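Per TrEMBL, the features are as follows:
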| type | residues | note |
| --- | --- | --- |
| BINDING | Asp17, Arg22, 70-74, 111-112, Glu146, 257-260, Arg352 | NAD(+) binding site |
| ACT_SITE | Cys257 | active site, nucleophile |
| DOMAIN | 338-462 | domain 'UDP-glucose/GDP-mannose dehydrogenase C-terminal' |
Amino acid sequence: MAVIALKCPDVEVVVVDISAARIDAWNSDALPIYEPGLDDVVRRCRGRNLFFSSDVERHVGEADIVFVSVNTPTKARGLGAGKAADLTYWESAARMIAAVATSDKVVVEKSTVPVKTAEAIEKILDHNGRDGVGFQILSNPEFLAEGTAIRDLLAPDRVLIGGRETAAGRAAVQALKDVYARWVPEERILTTNLWSAELSKLAANAFLAQRISSVNAMSALCEATGADVAEVAYAVGKDSRIGAKFLNASVGFGGSCFQKDILNLVYICECNGLPEVANYWKQVIKGFKFPAIATTMCKDIYSLTPFQVIKINDYQKSRFVNRVVSSMFNTVAGKKIAVLGFAFKKDTGDTRETPAIDVCKGLIGDKAKVSIYDPQVTEDQVQRDLAMSKFDWDHPVHLQPMSPTAIKQVSVAWDAYEAARDAHGVCILTEWDEFRSLDYARIYGGMQKPAFVFDGRNVVDAEKLREIGFIVYSIGKPLDAWLKDMPAVA
Ligand code: UDX
């Protein structure tokens, strides 16, 4: 919305939220999220044509176009638990829009929703709206990635707008197209039917996650054979039909979108009687633990027992933990391990579904003492994330306190050097630029020997670190003699 305000000075943009605290933060100098370049855009537009308000009803009532970007977490319980999207917030937003609208409105789905959500929203609006007030629903999925949001919005690969194929539907699509056309070239604004737009978002995220899981699966084979995953990915990506992006091997993908959207896709496939297609996409994500209510259902449909399914993204994380433990004489009990990076990727403080959570839990489970440093993640956040079980993340009311022994095993450091002091090993879990240029000789000097670096993002120059004296593990790269001699990891 800030970028729309920047690019369309004659359009008034009001961001509304029922949380007054959140709106206060948006009106302050300390914005509630860290995103490179966002401060600058907000500073330029706020008070001019960009406003933040908790008077939701008034501003929705006055608007011509309403973007709905409410949270759509994975359902924690009930029908479709663990897979289906929870549309509670969407439904209440639609009911509120219907209640306050006194003039025609274009309602835009910005949140990622299951295909066919627009149909349900249309029904709610049409049955609850006042007489004579018309609604048009558009699907306009957001493709920006965190950490590069402003850049992605200023120069998007494409903007996608789906609408009804009626005269009123086409007029609504055109109205939204006119907004984007202020800065996005015409040929990059794609218009489709509603269902194609809704499904394209889930499909795009599923394809992206699949690329990472494919290259991560290759990384294990590279380690076993002496191939270098970076060389393989480069050679594969040079094929213009495949392309070079999103082929960086890693400790596993994280973030709020991929897992949630693929689970959602899996559920939609199941609901449409397509178990083979559902199973295909399931391979890309993790071996999630089915909540009790879904267990029988899943067993019946696929003859699966809950914990049998080891999917590739989970596999990559446990492979990493196993590598750490096996390299250190098969035990990390009582050893200090420095974890550099906790966010799910660089340039964000977001930790939702970050692979660091599973890796840290794995290390803690093996009784390691973990010292964590991330330039954008607070100690509170780390403790909260490690205390929660997977399905609680969007439902913090179920927060369980961490056991006292586990709390003692985790500390948060103010810089990388402090985290690594006296440590036996360093695990790099987020690709922050600053980890490329740390003084590794200084870090080595302060560590226990032999000193290990486990690079889960392939950001360090492994050869240079080996010259210093480190034993280095890089995902998908030929192994040190030391690592080769250790028992194979599964
Ligand atoms: C994603 C989609 O990219 C975006 O289009 C959509 O709108 C929202 O979901 P985001 O979750 O912000 O965006 O981050 P993204 O850059 O896609 O990274 C997701 C995860 O994959 C991160 O943990 C990242 O580190 C990892 N990743 C990405 C890899 O491990 N290797 C890669 O080559 C690329």
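Cβ coordinates come from backbone N, Cα and C, glycine included.
The binding-site residues examined here are Val70, Cys257; by Cβ neighbour count within 10 Å, the least packed of them is Val70. In this structure, none of the binding-site residues Asp17, Val70, Thr72, Thr112, Gln259, Arg352 sits close to ligand 1 with a C-beta under 6 angstroms from any of its atoms.
The Cβ of Thr112 (NAD(+) binding site) has Thr72, Ala85, Pro141, Glu142, Lys201, Leu202, Asn205, Cys257, Lys260, Asp261, Asn264 as same-chain neighbours under 8 Å, each 6 or more residues away in sequence. All protein chains shown were included, and the count of other CB atoms within 10 Å of the CB of Asp17 (NAD(+) binding site) stands at 17.
Mean pLDDT of the predicted structure over the domain 'UDP-glucose/GDP-mannose dehydrogenase C-terminal' (338-462): 90. Secondary structure at Gln259 (NAD(+) binding site), as computed by DSSP, is helix.
Secondary structure of the domain 'UDP-glucose/GDP-mannose dehydrogenase C-terminal' (338-462) per DSSP (helix as H, G, I; strand as E, B; remaining residues coil): 46 helix, 19 strand, 60 coil.
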